Amino acid sequence: MSKLVIVESPAKAKTIGKYLGSDYVVKASMGHLRDLPAKTMGVDIEHDFRPEYIPIEGKDKIINELREAAEESDFVYLATDPDREGEAISWHLKEMLYLGDQRSKRVTFNEITKRAVQDGIAHPRDIDLDLVDAQQARRILDRIVGYELSPFLWRKVKRGLSAGRVQSVATRMVVDREKEIRAFVPEEYWSLEAELATQTGGAFTASFYGDASGKVELKTEAQTNAIVEAVTGKPFTVSKVRRGKKRKNPAPPFITSTLQQEASRKLGMTPRRTMAVAQQLYEGIEIGEQGLTGLITYMRTDSLRLSDEATDAAKQFILERYGEQYYPDKKRVFRTKNGAQDAHEAIRPTNVTLTPDDLHPYLTEEQYKLYKLVWSRFVACQMSEAILDTVSADIVSQGYVFRASGYKVAFPGFTAVYEESTDDAKQSDTTSGKPLPDFGEGDTLDCKKLTPAQHFTQPPARYTEASLIKAMEEKGIGRPSTYAPTISTILARDYVVKEGRSLRPTPLGEGVTELLVDKFTSVADLTFTAHMEDELDEVEKGKMSYVEVLRRFYGDFEAALQQAEKDLEGQRIKIKDEETDVICEQCGRKMVIKSGRFGKFLACPGYPECKFTKPIVEETGIACPKCGGQIVGRKSKRGFPYLGCSNYPDCTFMTWDKTTKEECPECGSALFRHYDRETGETHLVCYKDGCEYKKFISKRTPRKTKAQKEAEAAAAAAAAGETGAETAETAEEAPKKKTTRKTTAKKTTAKKTTAKKTTTRKTAKKAEAAEGEEAPKKRTTRKKAAAADGEEAPKKRTTRKKTAVTEEEPANAE
């Protein structure tokens, strides 16, 4: 009995295949196979928002291969990812491959290990139509907003813009933070520190706290100087010493948002890159004799739950590696927030005994660092608390109180493995974290130095990618699968730019946000968007109809769109150019940033009187290995980024490589990260004349060039031709395979598997005539192929301009 298992990616298919017997065939769908049409709305709003799904362009070959494999199999397991998007992909597969309930089932697993895969196959289930409805509702919402609102922005602001439920709110959060920063009025304040020493020479620092009445804020220089004059040359006496113990618990295991935040803070990885590398670790890495091995659990999750098997394994590992004192009295259980999908687990290693050091030889640097982060956090979350001995002392002079505090580690506990970082951690005062010398109440101290310092209150910090994800999660904006794509989208659309690690809104982002806030509450309002996410969760639980959610949204949205069109009839919103500090070399004006066909450039605002322009140069802070000038980032005429020397044209050094922070151990020059397309190898290389230093970093299977593919195809054709004329003659005489099923593509919703076709009568007749006919030959036109498959033929291209619609894409498409 042959069985077919369908997953999304070839890497996942390869890993799963080794855990199943020879009677299983594992194939990949390469993500979604059908979607809403790209050039039309694809949603019949008048008939309960019925979606019109069509095969994705370029997926015909995969669809045909999967149909053939399904027909040749006795049973099909749909093993796509265990979330909304994965459930929807399985449902689409079932519809497109004409699989009934008797021949197919859904299987899921949170990790790709032998035990998990075999257990999933042993416990198949029906497709969860509530999950599918939740995904469909999200997809249709995004399509409605993107298809109707984006063209509005094109007409009123600028071509190429987009809007979406989540991306527009994320942009607004960045814009609102920038407004807070601009509106912030700094206030002056002062600090006063005393460098003190005990009679035995132990030195430490104490900060001014107040007086006998309590804490006193130093607001002015005069107030601070008065205290300095009062205590200068006077004795300092220890008035009170407080000693205690502080217990610190480990952070919970990672979920999607916290993994993205921590990888950004500790590893400098973008959320999108974090998810891409995590996907590799989840789907499987070649590990010596073990072969392909899934190293972490599914990485799109908001659940803190850990399986009993995982916590038991962690306990055994901790006891053996660190000892009994490092394991708490009982295993730690972390509470998952309301609304999380608790059927999932937190992100953890699949095998805790595979330490980062054990796997280092088999992983790229990115894979190693991310795996180490996941592994360390998981192990630490099951370890004992850290215990600190704390001490705080009040020191008095002339009635003024100075305070010193410090601690020392009594027992490291989980900190022996891992400590969580914070994105906006404030500098602790100078006494924090340092043990204080031994002294007691009544002891007299020597004051070595008094240091007053002026300060000003600081505005709230700009969001980083990490802190924006944290804020989105706290406010209920988006879900695990949307955080990374959302940030990538608002950066790509030029609504937001990165300055270092910080996110700053552009004038375009501010202008579009102002328009949306004014005219479209249902799109740009944080509370409304969070409420929509809650309603989608209710659909997923089967407590709400997705049609009801769509109706509630669409009524207000359509009314707002019509009102906005009326209010702005004949108007076009002008977006202010972003001014820079670069001075025009011809007229002396401050240049502005413009966007052209191949990216951004600097232009004089005096155009057309002054037409001076120049490319935007990105400083790297790295010296040129040829002449000692500065390496700067430039863009080619076609918009491709490269590195060159600031002394051009005197120095012509250029490279497509990436910069690094590492220096050559042989000559001290900067090292560059070079990827060889032919070998797939990445090296650190030195380009200084006379130095040939080169260090291997990683290797991956290189992509085949077009020439290589053509050569392989020609070789395969030649090999096939050598089988002899007899074989060829037999092949020609063989009857063409007839289809065994009706191939009329079904246009469906999650709970209704039939729908009226929206094609013209002529197209419908062609589709009906095609039923039961011979399968089309390999080379046919798209229209003929579609008709032969019984699917709706693509509509004839009209002269109307195409409307590119950008929507919030599912994370599984990455």
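Every residue gets a Cβ built from N, Cα and C, even glycine.
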The annotated region 'Interaction with DNA' range in TrEMBL, which must be one of 162-167, 456-461, 480-485, 696-701: 162-167
Feature coiled coil in TrEMBL, mapped to one of the ranges 78-105, 218-245, 554-581: 554-581
For the region 'Interaction with DNA' (162-167), residues assigned helix / strand / coil by DSSP: 3 helix, 0 strand, 3 coil
Cα distance (Å, whole number) from R139 (site 'Interaction with DNA') to Y298 (active site, O-(5'-phospho-DNA)-tyrosine intermediate): 22
Using Cα positions only, nearest of the recorded sites to R493 (site 'Interaction with DNA') (Y147, W154, R300): W154
Residue from R138, R139, Y147, W154 whose C-alpha is spatially nearest that of H32 (site 'Interaction with DNA'), among the recorded sites: R139
Y298 (active site, O-(5'-phospho-DNA)-tyrosine intermediate): secondary structure state under DSSP, collapsed to three categories: coil
For H32 (site 'Interaction with DNA'), the number of other Cβ atoms found within 10 Å of its own Cβ: 22
Number of helical, extended and coil residues in the domain 'Toprim' (2-114), per DSSP: 38 helix, 25 strand, 50 coil
Those recorded positions listed as Y147, W154, Y298, and which of them has the most Cβ atoms within 10 Å of its own Cβ: Y298
